[in-house]
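Okay, so here's the structure we're looking at.
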Amino acid sequence: MSSPSSTKPDTSAAAPLAADNSTSVPAGKAKLPSVVWLMGGITFIMGTSEFVVSGLLPQIAAALNVSVSSAGMLITVFAIGMTIGAPLMAIATQRLPRRSALIAALLVFAAGHVLSALSPNLTLAIVGRIAAALGHGTFWAVGAVIATAAAGPAASTRATGVMVGGITLANIIGVPLGTAAGQLGGWQTPYWVLAALSVAAAAVIARRIPADTTRTDTSLRAEAAALKQPRLWLVYLSIALLQAGIMGAYSYIAPLLTDRAHLASSAVPLAMLGFGIGALSGTTVGGRLGDRRPYGTLIPTAALTAAALGAITLWATNSVVAIVLILLLGAAGFAGNPIVVSQVVKIAGQGRSLPVALATSAFQIGIATGSWLGGIALNSSLDLKGPSLTGFAFALAALLPLGLLVASQRTAQSAQS
C-alpha cells in the first residue's frame, strides 16, 4: 500500500544495504533481509535492559543503601530519558551516517550499563540509566528506518514486527534470565552482560551494514516538514492511548490475579508468561497482516483490546477466566504495535528519524500515563476494577483517532482518483 501522505516515502535507505546481500523484499516473498533480524536481536538486548531492573530492585536498593521506592527511580528516569531523549538524539545525530548513528547508540547504551554497574551510589546509577535510555531511543529512531527500508514497502510492517517482537521476547526470555543472573551473581551481572552484548552488536553492525553514501536531506527543516502532517499526530495519539489502555491494567495485574481472581501468588509469573506469549503471537500476526491491511487489522485489534479490558473489569473473578483474558489482552494489545510504527515511517517520508523517535516518546507517554492513572483508580472506590476500567476507557478512546485516520486516507484516495 502506498503512503496516503503527500510526502513520498524515502526509499534511499535501502540502497546502502545492498552489500548485505539482503535486498528489499519483493511482494510475495516471505524471507526478510538479515539486517531486519539483526535489528530485532538488538531490540531484544535493549528490551531486556529496560525491564530487567524491575526484578532486581530489592538487590539494587540493598547494595546502594536506599529504599526500594528510591531505587525505582532507575525505572522512572529510563522512561523519561526515552520520552525526551529519543527526539533530541534524533536531531543531534541527523547528519551522521545511519551506520555511525547505530554504532554510537550502542556504545552509549553499553557505557551507560558499565557506569551503572560500577556506581557506588544511586546518583551515578541514575546517570548510567539516562545514558542507556538515550542510546536506546537513538537506536529505535535509526534502526526502524533501516529495517523498513531494507524490507521494502511490501514487508515494512513485518520488519517493524520483528523489532517489536524483540522487545516482547525480551520480556519472555531475557528478563527472567537477567533477573536470575542478578540474583545469583549480583545485580551488576546482567548489566555487564548487556554491555558486552551491545559492544558485540556494534561490531556486527560495523561489518554487516555498509557506509551510507546516499543520504537524503537530513536537515532539521526536512524533519520538521514531515511533522506538519496531521495524520502523523493521529498515529501518535493512537499509540499513546492504546499503550495507556494496556499498561493501565497490566501494571497492576498481580493484585488483580491474587486478590480478585484468587490465583496463588506463586502462579502469577506463569500468568505473566501467558501475557508475554500472547503479546509475541499478536506482534507476529499483526506484522504479517498489517502490510496488506494496516487499518483493517489495527482497528479490529484495538476494539478487541478494549473488549478484553472491559471483560477483565466485569468477569475476572475466576483464575482461569482471568488468565485467558490476560492472554487475549497481550495478543490484541500488541498486534497493533508493528502497524503503528510502520505507518509512522510510511507517512513521514523523507524526515523519518525524528518522527520515529517521537513514536517512541508516544509509547513511553502512554505507558507512564496508563500506569499512573491506573494506580489512582486502584486506590479509589473502584478498587481492583479500577485499573482495567481505566484501560478500557483509554483503549476505547483510541478508536477515535484511528477512525479519523481511515477517513483521511479515504479522502486522500478519492482526491487522487
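Yeah, the Cβs are placed from backbone N, Cα and C, and that goes for glycine too.
Per TrEMBL, the feature compositional bias 'Polar residues' maps to 1-10. If you look up TrEMBL, you'll see 35-410 marked as domain 'Major facilitator superfamily (MFS) profile'. Annotation comment: TrEMBL describes 1-25 as region 'Disordered'. Summarising the annotation, TrEMBL assigns transmembrane segment to 35-57, 69-89, 101-118, 130-150, 162-185, 191-211, 232-254, 266-285, 297-316, 322-341, 353-377, 389-407.
Note on the domain 'Major facilitator superfamily (MFS) profile' (35-410): mean pLDDT across this stretch is 91. Sequence-distant residue pairs (6 or more apart) of the transmembrane segment (266-285) and the transmembrane segment (69-89) include fewer than 3 whose Cβ atoms are under 8 Å, leaving the two stretches without contact.
With a cut-off of 8 Å between Cβ atoms, the residues of this chain six or more beyond the transmembrane segment (353-377) that come close are 79, 82-84, 86-87, 89-91, 93-94, 137-138, 140-142, 144-145, 218, 223-224, 226-227, 232, 235-237, 239-249, 251-252, 340-341, 344-345, 347, 386-387, 389-391, 394. Within its own chain, the transmembrane segment (191-211) is flanked in space by residues 16-20, 34-35, 38, 41-42, 45, 48-49, 97-99, 102-103, 106-107, 109-111, 113-114, 116-117, 135, 146, 178, 181, which lie at least six positions past its ends and keep a Cβ under 8 Å from the stretch.
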